[in-house]
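Chemist: This structure is in structure tokens; I'll ask about it shortly.
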Amino acid sequence: RKYSAWRKDGSFHYIHTTSFGNYSFICVDATLSPGPKRPYNFFGILNMNQMKDLSLMASESLRSNHTVWFGHFPTSTIISPAPGIRSLMSSATAYLCGHLHTMGGLMPVLHSQHRGGTLELELGDWKDNRRYRILAFDHDLLSFADLNFEEWPVVLITNPKSFLYSSSTHEPLVKILYSTHIRILAFSPSVIISVEVYIDGVHLGNAHQVSGPLYVLKWSPQNYSEGFHHIDVTVQDASGRISTRGHIFAMEENLSLRFGFWPSLILLTDHYVLARVLFGLIVLMQIALLVIFRYLQKPALKEKPGLLTLTSYSLHVFSKTNTFYYSILVLNLYTILGPWFVGELIDGHVGACFSFGVFVGGSFLQGSLTFVVGILQMLFFNLPLMAYLCWCLLLRCQGHSFLSHIRHVRRPVAVLIHLAMALLLTWQVYSCYFLQRTYGTLAFFLSPMRTWLVVLTSALIYKTWTLKSSELRTYIVEIKNCQSS
């Protein structure tokens, strides 16, 4: 509202009018309202009213030659009610987005295509990497180039367009076959002195300037009517700078060329649904494991029991020891029910964070990244903590104390297990520090899933090594009988 050319908030529809038709641009504003601090602002949300507004804009845009949607969030990080954001934009030629950018360099090109033919084109960030994009409609065929700022010359081949980024649903691809010229847009602060065109490694000639950045070269597209072909354009300016750009093109629409597996998985998967399901399964599995071993018959110990038998036995001991059983059971139930912490989720506004969402400023923001945080909590703390406590209890049943087990158990294994638990506990302590820095001192003290859990963990670990032997007498006798037989 303050800095943009539009100077409004919310989604909007802009129509660009030309002598040869209209071109619609629809903005998708899925930012959270109110907007909490990171990381809980990672996913965007669209409510029913916003979806109705976007649906109306989509209907209005059907009268345009083409529609381009754009927004901050990729569709995979937008929570939207049925029929879903991808369904609404199915009439669009492309959806332009940011947010994930290049995923820290792991995905330099993050592009894919929806089932209906709509392109989803993530763009690298401007802040750190100075990435920008040029788009062009050439006879209603969309072409684009993702570029680095101040790298010259800039080259965009508009005809023939890239086959990978083509959509027969939205574009008149037959126009390529009946075109008379190869068309190129070339930009540079210096005078451009040559625009050389190659197809399949054969030099076709030097394109000439028509006006402005447009360069053309006559061609016979019928010579390339079958199969895939590769076009390359090399542009040189008066400063001696050279830039080459190329892509694969084809005239036949029945050919197949697919986007990469990982970009498609990242952009086309509804990650919040996957996170919800995975979080629920992990919590239920651990709770079920506790309850089953609580009421399951004790496993029989034979001579030289294997790893599986000892693991089962340690779980049985753990489940039968009320202090540990109820502590971990309540911990897992609390991970689902929360609240995880209470603090300044927005500056000046106190809110509460749960696994299923965030309450702040009189509003409820449904869970998204909270489920991812919950999965990490379960996998990298709750489950390892239970496993560690089971291992410590098994050592106690074997007659060891904290000092004696290091001498009699394989020392490298014992040290590694203690070190792993120490690292996980350190991570938990650091998360308390992060909580205080991000959400204030109140969040640090009112944080059952962070600060309080550090205290509980320390108490449980201390309890395992100070537990009276009389409470484990039955198990100690069984293991001694097994070892002596």
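Glycine residues also receive a Cβ, built from the backbone N, Cα and C atoms like all the rest.
According to TrEMBL, the protein carries these features:
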DOMAIN    150-244  domain 'TMEM62 Ig-like'
DOMAIN    279-406  domain 'TMEM62 C-terminal'
TRANSMEM  273-296  transmembrane segment
TRANSMEM  324-342  transmembrane segment
TRANSMEM  371-394  transmembrane segment
TRANSMEM  415-436  transmembrane segment
TRANSMEM  442-462  transmembrane segment
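Each of these features: where is it, how hidden is it, and who are its neighbours?
Modeler: Here the transmembrane segment (273-296) has long-range neighbours at 312, 315-316, 318-320, 325, 328-329, 332-333, 335-336, 355, 367-369, 371-372, 374-375, 378-379, 382-383, 386, meaning same-chain residues at least 6 beyond its ends whose C-beta is under 8 angstroms from one of its own.
Outside the transmembrane segment (371-394), and at least 6 residues removed from its termini, the chain residues within Cβ reach (under 8 Å) are 39, 271-272, 275-276, 278-279, 282-283, 286, 290, 310-311, 313-315, 317-318, 321, 324, 328, 331-332, 335-336, 355, 417, 420-421, 424, 427-428, 449, 453, 457, 460-461, 464-465, 467, 472.
Packing against the transmembrane segment (415-436) from elsewhere in the chain are residues 341, 343, 380-381, 384-385, 388, 391, 406, 443-444, 447, 450-451, 453-454, 457-458, 461: each is 6 or more residues past its ends and has a CB under 8 Å from a CB in it.
Counting same-chain residues at least six beyond the ends of the transmembrane segment (442-462), those with a Cβ under 8 angstroms from any Cβ of the stretch are 323-324, 327, 331, 334-335, 338-344, 350, 377, 381, 385, 388-389, 392, 421, 425, 428-429, 431-432, 435-436.
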Chemist: Which residue counts does DSSP give the domain 'TMEM62 Ig-like' (150-244) for helix, strand and coil?
Modeler: 8 helix, 48 strand, 39 coil
